Every structure is written in structure tokens, then in C-alpha cells.
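Sequence annotations record features per position, and here TrEMBL assigns signal peptide to 1-20. TrEMBL lists 61-86 with the feature region 'Disordered'. What TrEMBL lists as compositional bias 'Pro residues' is 67-79. The annotation disulfide bond is assigned in TrEMBL to CYS112-CYS126, CYS130-CYS134, CYS169-CYS183, CYS187-CYS191.
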Amino acid sequence: MHSPVARWLTVTALLGAATANIHFPHPWINCTEGVEKCFADMFCGSDNLCKFQSEAPKVYPRSPIAHPRPAPAPAPAPAPQSGSQYSVDGRCGRNFNNLLCSATSPNYPGACCSSAGWCGNSAAHCGDGCQSGCTGTSNPPTSGVPTTNGQCGAQNDGRTCVGWSLGTCCSAYGWCGNSDAHCGTGCQSGCTGGTTPNPPDPTPIPVSGGGNFAIVGRSGVVAMHAGLMANGRVFFLNKVDNYAEIRLSNGRYAYASEYNPDNNQVVGLSVTTNPFCSGGAYLANGDIISIGGNGPLLHLDTTVGDGFNGIRYITRTTSGAQNGQSWREPGHKLTGNRWYPSAQTLANGKVFVAAGSKNGLDPGVGANNNPTYEILSATGVSEGNSISMAILVRNQPYYMYPFMHLLQDGRLFIHVGKQAQIFDIGGNRVSRELPDLPGHYRTYPNTGGSVLLPLSSSNGWKSKVMICGGGAYQDITSPTEASCGVIAPEDTNPTWDMDAMPTGRGMVEGVLLPDGTVLWLNGCQRGAQGFLLGANPTLQALHYDPTKAKGSRWTGLASSTIPRLYHSVALLLLDGTVLVAGSGPNEMPVLTPRAGAPYATEYRVEKFTPPYLTGGNANRRPVITTIPTTVRADNSQFTIAVTVPSGARAVKVALYYGGFVTHSVHMGHRMAFLDVSGWVAGRTQQTLTVRGPPNRNVAPPGDAVIYVVVDGVPSVGKIVRIPL
């Protein structure tokens, strides 16, 4: 039975994890050889280790293994009882109740307490300024002893990756693997050198200024997660905060809301477990689920419990009968804790769930991580098994919120860090390793954005995946990535077709538009994901047309006046405009910028109107007059009646999934152009014969939207159900 002291320490550690974002370890890069080995914009420190610019002398020096940003001193915690002297979460020393570091803790790598109050065993922990457990020495050099758990390098007793099945290069973060992130810059041992070419530099693009942003409403809660529902409204889902703009009927703050784009009104919804940094998916029965989350904050709200393994459900229909109903939590749980997981609905209605932190503690320590996947039933109940996934294992700590896209044959494209593969879910095996994507890291905490470009029968429904943006490390000084890569993973010899935005962007998100183009917006030019870690907001929307020749695909559109940093969202509405909301860059809401919190927590909702609905186009919208409520994914045909402007020349029909949106990851986001016949140019009343998608891999079961696009201008979308 655990003692009161042990329980106090455990609760203290979990509370710390619950109120903060994941803190990544500092990359361990030795720069003694006179060759530039540091990551971009880092410098070689006096101890011959690469440092962030934020660690420059007289700024805020920190341990090279500690949290990569300065942390404010916490409020004094209750004094632990006698015998409770060891840290649980890696914080130690004078500002943390004089806690000591345990050499045997599974949560951090050593017994020395650094001057900044972090446990570890490097020279920066154990040498000058060390507060306790000090030896004055650094980790041993490479010992030559092979790893037994895939961890390696100076952080792990100098072990090597010799003979390790997932790769023999030791990354700067102390993990064995075979990607450019392991074998290239920052590699500690077994290094073969990076084989990935350099990405293109930022490239100027023409600026049309097209489209426009308008502030239309308020979200009520921070829009950390969002999605379009069958009633045409949008759910916003946040975390437990000490403030919101709306309250529930019991007087407590709301942590979720339902936003109506038709009148810009918002109502609060309740949750019973903390959905902080969850994943999500749309089920075949029309329900939406939020998966995983974080621990409770009982000092703020005793009614919201532990969400680490929670599954939350919300139901909406086109009838509007369930409008205003809260999230349901009947008690179904994941097989393990998952903070920052990704999810994808499959052809059989089941949901593939991958990755996540077990406890919010240092992801440089394997015991804290959950690099596995599990399957939920078509009704969103776990089947009970967590299965190790090699691409997640070897890319730790960059294994959270992976990009995933369902391919037309049922296999899964997955991208983690800098590495991508095709995964056969049924066979639990890797079908194909894909080339590494040039440039910086692309997934959390340096997430860019990824979209599955529109599918069509013209190439047999084969996929092209686009990934843009990213960053180098988790620090406010991190440079961001300007390059974008497009790959056709099912090609015989897939390669990345590289392009570039005009500036680097982290937290940039791609939104498919019904005309087949992509809108890229939100994010920052400097920094990373995490509280107080983003700077230089990127306000301009960018337009990408994949049908044009390279060099002419990008156009600069209008700019917003609102920074959209960490915890922002963007998604397409039924009317063809794009809702933009969120920005929660502070641990708890900050309503007015101040010293130490330069960007306010944002509740304003914007609507971006793309160029296809501005000017004269606004009066040339087709109007769907008749459409079925169900569309089968079996090549069967259905009819749409539509009124179009006089003189209209061409038509497309788009089947659209907006997906579950969070942290610039759009889970389940996809679009397919369906084959159309019966169009007669010049007629204003058209009866179109549309062939449905060929299978439920192209069009997963559940609710989707159909847009009729005439001469590039979309109709208002209509919700249809793709049945199992």
C-alpha cells in the first residue's frame, strides 16, 4: 500500500503534468571536433555542447538536459513529510522543497540536481552550480556496450546501437534508429551521415491579397480541438482552465462549446474527464469521439476527472434534435494512457489510435511513452490490445501526434519526425519504408501540417500526401521550416517533390478547399509547440494549387490581424468558408498581453472567405435542390439536382471529410472528386448522375459533405452518410 508521502509525490507530479505541455529533453550534441554539428541556429557552448540561443550567457542559462525553455519558479508546494526527499517529476533543489534526485528513478536520468533545478547526470547537472548529488563529472563517453532497450548515447550510460534491430545510429535525443534524424546532424554514435538532401530555401511568391478575414463571433472556450458536426455547427473542446467566457448551468466554467456559424452564437457543453491534447475521430454511426487526454486539476474543478485513457462521445444529426447536448462519457477506456494521440477511421468503421504520453513526463525516458497502437470498435470501444509500432518506437521523443492518412487499399500512410512508411494494419507489418522528408522535424512539438491531396478516379484513387512546415527543436528560438514535400506513396519509386513557402512556419495547418486547392494558415515563424514557445506569428493565408506547375502553385492571400499560435484551429464550413479560431499559448488564459506573456489567449472567431466566394463569385453559387441522404461507397450511382448560373461551363462533385482538428493535425481529413455525367453546358437546371466512391477506404463510413463546384465556385455543402 502506498504511503501518504508516496501518494503526495505522485499527485504532485501528475498535477505538474496536467497543467503543462510535454517538455522535451534537450538534444545532446557534442561539438568538440571543430566541425559544425549543432542543429540550426544553435551554438557551441563553453562545455562543448550545443546550446539554444535562449541559453546564451546572461539571458537564461539552463542545463543541456533540462526543459528547453526557462520555467518560472513554482509556488511553494506543501512540505513533504520526512522520508519524501526524492523527486518524482525531475524537478529538484531550492525551489522545489529541496527535493533530491534518485539515481534509480525511471522518470529522469541521474542523481545530480542542476542549478536550474533539474535532475540528470551530465556535466551541466553535476558540475558548476550543482545543488545536490554532485560528482562534477559528465556522462561517460560511448562505452561500446550495446543497448538493450533502444536507448543510447550520453543520456543512457554511453550505450551504442550496435545490433539494434530498428537502426544502429544514436540520435541526439538518445534513441536508436535509421532515419536522417538518427544518422545525420546530432548523431552520437554509429553515424552514417544524413543521406537526405537539403530542403529548398524559402521562396518568394506572388501576392494577390485575395480572400478576406472577418471577425464574426467568440468561441466561449479556447478552441484547442474542433470539428464540423452534422448539424452544421462546430464543436470546440479545450482543457480544464481557470477561466472561460461561458459557464455551465452549475455555475462552473465550460471547457467545451457548440458554435453556430449561422448566427455566431455559442453554448457551453460539459465534459467529465480532461480532454487536454486529445485525439479524435468520426464514427460510422455519426458520433464524434475525443480520445485520451490528461489528468485532473482538482484544485480548479472537482467535477472533471482523469482523462489520460478517456473516450468521450458527442452526437449530432442533421435534424438538430441533439443540439446543445454535452459530451457523453459512459466509462469506456483505452487500454493505456494516451496524451497527444492520433486517430484514423478505417473502412470497417473501426478506429486506429496511435501514440501518446502515458503521464506527461519527460519523453526522453522510455517508461513515460506509449509508442503503440490500438483498435477501437466501430462504436468507439477499445478492443483491448496495445501493439508496439516500430516507427513510433525509434522516433521517440518525436512520436506524438503522427500524421496518418488512409490509402485506397486500406493501408496507412504514417509520418513521424522526419520518417514515413506505409503500414499494413491487418498484417501488423511495414509494407514499405519511404524516403525521409528533407528539412527539420515535422511532428510534435515542431508540427507543421499535412493533407491528403484530393483523390479521384483519374489515377485509380492513388494518394498524394503533402507536408509543410515544422521546426528544429522545442525552444522559442527554434527556426521553423519553409519547405513542403509531396509524395505519392503508392508509386513504384516514391520520392518527395519539394517546394517551399515564402517563410518558415510552425503550427501551420492545411485545409482542403472544395475546388481542389489547399489553404495554409496560422502558426509562427519562430519557436515550437508548447506554452510561451511561439513567436513571430505568420498572419498571411497561403493558397496552393496542386494542378499548376512547380513555381506557380503558391499565391499569397489576405492576412489576419489575430495571431493564431499554439492551440489554434481552422476548418471548412458548409458554406465553403473557413472558420479560424483558438490560440492558447499560455498555460492558463491571459486576457491582455503582458511581460512574460506577449500573446493573449484568444476567443475571437474569424471566418476566412476564399477568393472563390468574393467579388462576383458570391452571386454565382450553384444551389443543390435534391440530393440523397445516403451515398454508398461501392461505385453505385446517385442523382443530384442543382441550379447553376447561366453560362456555366464545368462541374465537379466533391465528397469532403473535415476531420478532427487539433495542434495543426487534421485527423481523418480527406476529399474525393466523384465521377459525374449528365452535365449540359448552358442549362441552369442540371440533373447530375454521380458515381459514388469505389470503396470505404477512399470514403470511410460516417458523415461527409457533398459540394457541387461549378466553374470553381462551390455550393453550400450537404451532409450525407456513408454507411457501413
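Placement of Cβ uses the backbone N, Cα and C atoms for every residue, glycine included.
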Per the 10 Å Cα distance test against CYS183 (disulfide bond), the disulfide-bonded residues CYS112, CYS126, CYS130, CYS134, CYS191 reduce to CYS191
Nearest to CYS191 (disulfide bond) by Cα, among CYS112, CYS126, CYS130, CYS134, CYS169 (disulfide-bonded residues)?
-> CYS169
Residue among disulfide-bonded residues CYS130, CYS134, CYS169, CYS183 with least C-beta crowding, 10 angstrom cut-off = CYS134
10 Å Cα neighbourhood of CYS134 (disulfide bond): matching disulfide-bonded residues from CYS112, CYS126, CYS169, CYS187 = CYS112, CYS126
Which of the listed disulfide-bonded residues (CYS126, CYS191) has the least company, meaning the fewest other Cβ atoms within 10 Å of its Cβ?
-> CYS191
Expressed in Å to no decimal places, the gap between the Cα atoms of CYS169 (disulfide bond) and CYS130 (disulfide bond) is 31
How far is it from CYS126 (disulfide bond) to CYS187 (disulfide bond), counting Cα to Cα, in Å?
-> 23
Work out how many Å separate CYS112 (disulfide bond) and CYS187 (disulfide bond) at their Cα atoms, rounded off.
-> 25
What's the CA to CA span in angstrom from CYS187 (disulfide bond) over to CYS130 (disulfide bond)?
-> 27
